[in-house]
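Per Swiss-Prot, these features apply:
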- R153, G187, E210, D237, F238, S252: S-adenosyl-L-methionine binding site (BINDING)
- D163, N257, R303: substrate binding site (BINDING)
Amino acid sequence: MTAEPTVAARPQQIDALRTLIRLGSLHTPMVVRTAATLRLVDHILAGARTVKALAARTDTRPEALLRLIRHLVAIGLLEEDAPGEFAPTEVGKLLADDHPAAQRAWHDLTQAVARADISFTRLPEAIRSGRPTYESVYGKPFYEDLAGRPDLRASFDSLLACDQDVAFDAPAAAHDWTNVRHVLDVGGGKGGFAAAIARRAPHVSATVLEMAGTVDTARSYLRDAGLSDRVDVVEGDFFEPLPRRADAIILSFVLLNWPDHDAVRILTRCAEALEPGGRILIHERDDLHENSFNEQFTELDLRMLVFLGGALRTREKWDGLAASAGLVVEEVRQLPSPTIPYDLSLLVLAPASTGA
């Protein structure tokens, strides 16, 4: 028989219960995503400050919208600064479409990432099987779905660009490009990393390898940056032999998308394409200690599982993947990330016959 809790213990139990309810809430994340999808903050900033005006702008029912707005006030994203009139708080202003943090797009349920977050509703399935659940929700694997939906592909590329552009100067500055003539950026998106290298090292040329849906975007970006004469873009598949050899091969935010066996296949293709003395540079989220319980690390790690079957990796994992591809982790450089809320690292891999 369980002892009756003491009166003194009950407040602690109530606090614990409130914490659990808050952590287990599904409605609050969906309220935030709905506000982003409806562009509520943009409409408010444009002058639609009442429920009636917002309902007209968003094609929603006023009585239902009021319920949503009440919860947005309760969680601190909106405030009622005059009777019946609402304004965004400092946190709520992050959901403005033109805010540099781009959080509205990240939370918009019509765009690639927030839409993919619905895969978390089948997390038990992913934990039991170790496989992604995106396909069971949407009928196709993540990248195949993007390939058939140009709108999703464009939103995904845009989201990655706004999240990662701020991080490219640091890895470009962290590596010595003196003896590098050509860089191959594998899965390089619109070419932001290759562009950062080209600006820093004028003697270096580069190739960006990407899927068909991103090639035109990358070419346009590099043309606008005035770098198309030094950085070219080719369509290709990094599971096949790479289109050319290089002194440095970049994998920026690529391997976290893939399970270990596929990550080894990608690394093996990269190793095959290295010029003598060349190096593979892996640019990813930094947490190289085993048994990491960091909240941001574990959240992204689970996201990679349910979206793609991929994973974030500790230093021990990187050593194992490198060895399986005939490589060795030669160096790990921690990178400053003043504008994004997590740390990044640059891992330098060398052929096992020459690495440290």
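Cβ coordinates are placed from backbone N, Cα and C, and glycine is handled just like the others.
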Report the member of E210, D237 (the binding-site residues) whose C-beta atom has the most other C-beta atoms within 10 angstroms.
E210
Farthest-apart CA atoms of R153, G187, E210, D237, F238, S252, residues recorded for S-adenosyl-L-methionine, distance in Å:
18
Measure the Cβ-based neighbour count of R153 (S-adenosyl-L-methionine binding site), defined as the other Cβ atoms within 10 Å of its Cβ.
20
Can you give me the same-chain residues 6 or more apart in sequence from G187 (S-adenosyl-L-methionine binding site) with a CB-CB distance under 8 Å?
L209, E210, F238, L251, S252, V254
Work out how many Å separate R303 (substrate binding site) and D237 (S-adenosyl-L-methionine binding site) at their Cα atoms, rounded off.
23
Determine the minimum-neighbour residue: among S252, N257, listed as binding-site residues, which Cβ has the fewest other Cβ atoms within 10 angstroms?
N257
Around the Cβ of R303 (substrate binding site), the count of other Cβ atoms that are within 10 Å:
18
Measuring Cα to Cα, tell me the gap between N257 (substrate binding site) and D237 (S-adenosyl-L-methionine binding site) in whole angstrom.
15
